[in-house]
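Taking it in order: structure first as structure tokens, then the write-up.
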Amino acid sequence: MTRSYKLLFWRYEVPILDTDYSRQICSGMWSGRNTFINVSFESASQGQLAMVIYEWNDYQYLGKVTSETDEYLPRTYVCTSDAVRGGFCDSSDLGRFILDLPTGKSIEDTSFWSARVSFPESERSSGNSTSQGFWDNPAGNPTPPSSVNASPFRRGIQTRQNGSDPSPSPSGLFAYHEPIQYPIRKTGYYCVAVVPVTVLQNSPSPTPQKRQSSDVHPSYRGTVLFRNIFDGQLAATDYPKVNFYLIMLLLYSALAAAWGWLCYKHVTEILPLQYYLSCLVGFLIIEMVANLAYYRYLNAHGKGTASTVFLFVVATLDAGRNSLSFFMLLVVSLGLSVVRDDLGPTMRKAQILSVAHFVFGVLYAVGIVELEFESASALVLLLFVVPLAFTLSGFLMWILWSLNATISQLKARKQHYKLRMFQRLQYILFFVVFVISIFFVVSTLTFTGRLAEDYAAKSWKIRWWLLDGWLSLLYFFAFGSIAYLWRPSANNSR
């Protein structure tokens, strides 16, 4: 093979087929005492294939440079007859991945487990699955073993003396009999790569026609399991969201408890604006519960119809949160309950804009789930993006204009107590914009390297934070600060 591999993030269980364009499967792994990668093939598999399992830090040793200038054939990864003639490997390594180790470094000093795997003819003809007992779950999911040494997850691979690394790569032809297990004892980004190897059968008169008819073309179907320190089907890069949304739920619950106590204590002083804030506090708790439940469900059951429906619910709640938040910020900036008791027709306009933003937000959320960005036309994509961009821009411009107008009005009236509240609100918004700008630059610099081969290996631990974590935490800070400024108190009427 003389091309680089396409890297993919996969969930806990990944099918591997001989028809796959990309024959390398990679995933981050949070290590523990019982963590491992398991590779299993069905009994109908035939032929031979080159197979390697390794941690990404050793990727530099995989394959040999073929050309410094040809971007389509940069390296040779598998030892073939052409590779032997080109001096990239020895004939003893035919059908195996090429490892280009520096002087003084042996394969035992790396994470590589490499072999030329053969599927025995006797097992195919017997009709018994080589992984019999492996698929013992009616839902189609492998059942984890009771211990690290329990079958059927454990092939007879012996570990090295430290008990933490797989055995040295087997020499010669490795006959596949049962699932192959690669123990993981170090957190990292691990890959499983397989390449079919066409074996030329021996013939007494090897004419080109006879050689062609006697070729054995590999055919295989299998499964790669990434058993992380947690039990479930989430990819390791997404699992931190489970604990993150649990923490966010606890934080919002504490905020709701404090807000509820203040409302109870000053029930006779509650302002109309504080009723809106109370509704938003309750909505945020519901959203955190939905996010937590969604990722726990996805971890337990994997992707399917139910998880897709669940995702639509979460996306709808997220769109509702955004609409309510912008509406809340707008009526606050307009001075409701502080500068004026009623907004009149302006309130109806704000409500219409909020409903429109919610509808377009739901359509956008559904679009990013259902549309295939590679095949969808630019016009269809714009139909989902442009309306939401218009309502978002409308909110932002209206909020900024209203806030400046309210501050100017309070300065003219010399109402210093109220003025300080709105000036502090302005400082909070300036801080939020400043943080978003910084993270936008950082995220842009991070994602500009997304096409690099090592991007996934370097970013899998923090990808959830760049996409979801920091923005959720920033929202909590901003909302908590605004709620504190407009909290129920004995001075509400004043």
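The backbone N, Cα and C atoms fix where each Cβ goes, glycine too.
Residues or ranges marked as compositional bias 'Polar residues' in TrEMBL: 125-134.
For the domain 'PTM1-like N-terminal' (23-102), the model's average pLDDT works out to 82. For 23-102, the entry in TrEMBL reads domain 'PTM1-like N-terminal'.
Sequence annotations record features per position, and here TrEMBL assigns domain 'GOST seven transmembrane' to 240-492.
As annotated by TrEMBL, region 'Disordered' applies to 121-171.
Outside the transmembrane segment (244-263), and at least 6 residues removed from its termini, the chain residues within Cβ reach (under 8 Å) are 270, 274, 277-278, 281-282, 284-285, 288-289, 291-292, 295, 464, 468-469, 472-473, 476, 480, 483, 487-489. Marked as transmembrane segment by TrEMBL: 244-263 (among others).
If you look at the transmembrane segment (275-297), the same-chain residues 6 or more away from its ends with a CB under 8 A from one of its CBs are 234, 238, 241-242, 245-246, 248-249, 252-253, 255-256, 259-260, 263, 306-307, 310-311, 313-314, 317-318, 320-321, 324-325, 327-328, 331, 479, 483, 486. Among the features that TrEMBL reports, transmembrane segment is placed at 275-297 (among others).
The transmembrane segment annotation in TrEMBL covers 309-338 (among others).
Per TrEMBL, the feature transmembrane segment maps to 350-369 (among others).
Counting only same-chain residues 6+ beyond the ends of the transmembrane segment (381-404), those with a CB under 8 A from a CB of the stretch are 326, 329-330, 333-335, 353, 356-357, 360-361, 363-364, 367-368, 371, 373, 422, 425-426, 429. Residues or ranges marked as transmembrane segment by TrEMBL: 381-404 (among others).
Here TrEMBL flags 425-445 (among others) as transmembrane segment. Below 8 angstroms of C-beta separation, residues 332-333, 399, 403, 407, 466, 470-471, 474, 478, 481-482, 485 of the same chain, each at least six residues beyond the ends of the transmembrane segment (425-445), sit close to that stretch.
Same-chain neighbours of the transmembrane segment (465-486): 240-241, 244, 248, 251-252, 255, 259, 273-274, 277, 280-281, 284, 325, 328-329, 332, 421, 424-425, 428-429, 432, 435-436, 439, 442-443, 446-447, 459, counting only residues six or more beyond its ends whose CB sits under 8 Å from a CB of the stretch. The transmembrane segment annotation in TrEMBL covers 465-486 (among others).
Under DSSP, the residues of the domain 'PTM1-like N-terminal' (23-102) split into helix, strand and coil as follows: 14 helix, 30 strand, 36 coil.
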